[in-house]
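Have a look at the structure below before the remarks.
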Amino acid sequence: MAASRAASSVSVVLFLVLAAFAAGASAATFNIKNNCGYTVWPAGIPVGGGTQLDPGQTWTVDVPAGTSGRFWGRTGCSFNGGSGHCDSADCAGALSCTVSGQPPATLAEFTIGGAQDFYDISLVDGFNQAMDFSCSTGVNLHCSGPGCPDAYLFPNDDTKTHACAGNSNYQVTFCP
């Protein structure tokens, strides 16, 4: 009886370890860095919300598998608690965004899938912030101004999406 309980306990523990590993296997970590000489207030939906990044700081956001979303930088922000205003890419006056930023906003867009992820820089909502965007198994996208060749420029421009192996990690850098 004791041997049966011990074997059952080992089976349960092994199952929980394997389930935890499998659950995180297709997630992604985004490291968002401010290389600017001024404060940037990055935001992300549907995960992340928003935060303040002083020069040289990095914000780490874990994104679950099955998520499509975007990150962008806001500038000229002033918040009192969780509400305030940003001069560029403001999201309804919230520090922690639940809606997209108002144009202009340079967007780092992503879809975290299973075996393959997709990512791009989009200027469909305009340009407000120089940005690099890369995944650990893909190419680095660079956008230093309006009309940059690595970014989507039109809503129907579908040639700028890049693929990454699933379970990749991502880097978004402002003022690269």
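The backbone N, Cα and C atoms fix where each Cβ goes, glycine too.
A TrEMBL annotation is a machine prediction, not a hand-curated record.
According to TrEMBL, the protein has these features:
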type	residues	note
SIGNAL	1-27	signal peptide
DISULFID	C77-C86	disulfide bond
DISULFID	C91-C97	disulfide bond
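The Cβ of C97 (disulfide bond) lies under 8 Å from the Cβ of A43, G44, I45, G48, G49, G50, C91, each on the same chain and at least six residues away in sequence. Within 10 Å of the C-beta atom of C91 (disulfide bond) sit 22 other C-beta atoms, taking all shown protein chains into account. For the disulfide-bonded residues C77, C86, the greatest number of Cβ atoms within 10 Å around a candidate Cβ is found at C86.
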